[in-house]
Amino acid sequence: MNILKKKVLVGMSGGVDSSVAAYLLKEQGYEVIGATMQIWQDDKEFIEREGGCCSLSAVADARRVANKIGIPFYVMNFKDAFKKNVIDYFVDEYMEGRTPNPCVACNKFIKFSSFLDKAMTLGIDYVATGHYAIIEKQNNRYIVRKSEDDKKDQTYALYNLTQFQLERTLMPCGRYKKSEIREIAKKIGLRVHNKKDSQEICFIPDNDHGKYIKNRFPSKVRQGNFVDKSGNVLGTHKGIVYYTIGQRKGLDIALGKPMYVVDINPFRNEVVLGNLDDLLNTELIAKDVNYIPFDNLKEPMEVEAKIRYSQIPSKAVITPMENDKVKVNFTEKQRAITKGQSVVFYKGDLLIGGGIIE
């Protein structure tokens, strides 16, 4: 392939990973264009926000990097798509007693959909990000493998990628360790080489999702009852959006023993509390399942699966069901299987796919 003429649009957040991704692709001979996705919603909030991946300083950092490595740079507006597919979804899920994963939604609907559409409209061949994952082509099919840096691997949030998207996506950081990426940034004189990684949800800098939803929809967030599994009232909660399955801290209720959120009932506006054993389970059903090495699961398959980002995958068997659903049976009990979160499947370092826990 003559990549000299191949153009790539790099999503630049102002952080070290996407900055080095742009540099590496330029070094490989691509014609690189940098872009920051404008997703912030109202200007006051945006101006006050500092250091997140969608703050003014992030745009300034990305622009400075683009100038330094000698590539054109643009700010592209994805405000409406982000509000609809990420923020509204995020709020709706919490209102329904589920715990959403906004990064999974953003990857699915914004970075590898709206952003890719924009690139193609502009006649650009590829999009690229600073994600830690490896995309390879094998037997006429694109596959995704875990990155070289186990601690930074981001495949958990990439299970929705389609063959169409994978064919047009580059992730050069996947073959490096984070320390090497920082070293490259330092070597080429990027000020962001020691910029700390953003941990929070980009549109909720203080990580208080309950407060965020309450501020926007005060009438929808109502107090209700904490109950036990038999329905006996234990106390008052401040609104179901403040809680997630497995939560123990911040319940503001003293019952003489550790209690955990074991269920949330949006219809009765109740938060069910129980003990640690009530949180342990070996089975779940997932919907909206996407597979990467193949189109559909035909028969039960042994995999390693994980139900949260930072977890080490556990042995499980996945069994196909109707309507793009899958049953997941773990060998060992899992703690706090949470509706709305993603379950993701692997075979060694190969990403098999994933879905949303029902």
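Using the three backbone atoms N, Cα and C, a Cβ is placed for every residue, glycine included.
Annotated features, as they stand in Swiss-Prot:
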type: BINDING; residues: GLY11, MET12, SER13, GLY14, GLY15, VAL16, ASP17, SER18, MET37, GLY130; note: ATP binding site
type: DISULFID; residues: CYS106-CYS202; note: disulfide bond
type: ACT_SITE; residues: CYS106; note: active site, nucleophile
type: ACT_SITE; residues: CYS202; note: active site, cysteine persulfide intermediate
Between ASP17 (ATP binding site) and CYS106 (disulfide bond), find the distance joining the two CA atoms and give it rounded to the nearest Å. 17
Collapsed DSSP category at ASP17 (ATP binding site): helix
When you tally the Cβ atoms that lie within 10 Å of each candidate's Cβ, which of the binding-site residues (GLY11, GLY15) has the highest tally? GLY11
Counting other CB atoms within 10 Å of each candidate's CB, the least crowded of the recorded positions MET37, CYS106, CYS202 is CYS202
Could you work out which of the binding-site residues (SER13, ASP17) has its C-beta surrounded by the smallest number of other C-beta atoms within 10 A? SER13
Looking only at DSSP and grouping its letters into three states, which state does CYS202 (disulfide bond) belong to? coil
Write down the Cα-Cα distance for CYS106 (disulfide bond) and GLY11 (ATP binding site), rounded and given in Å. 13
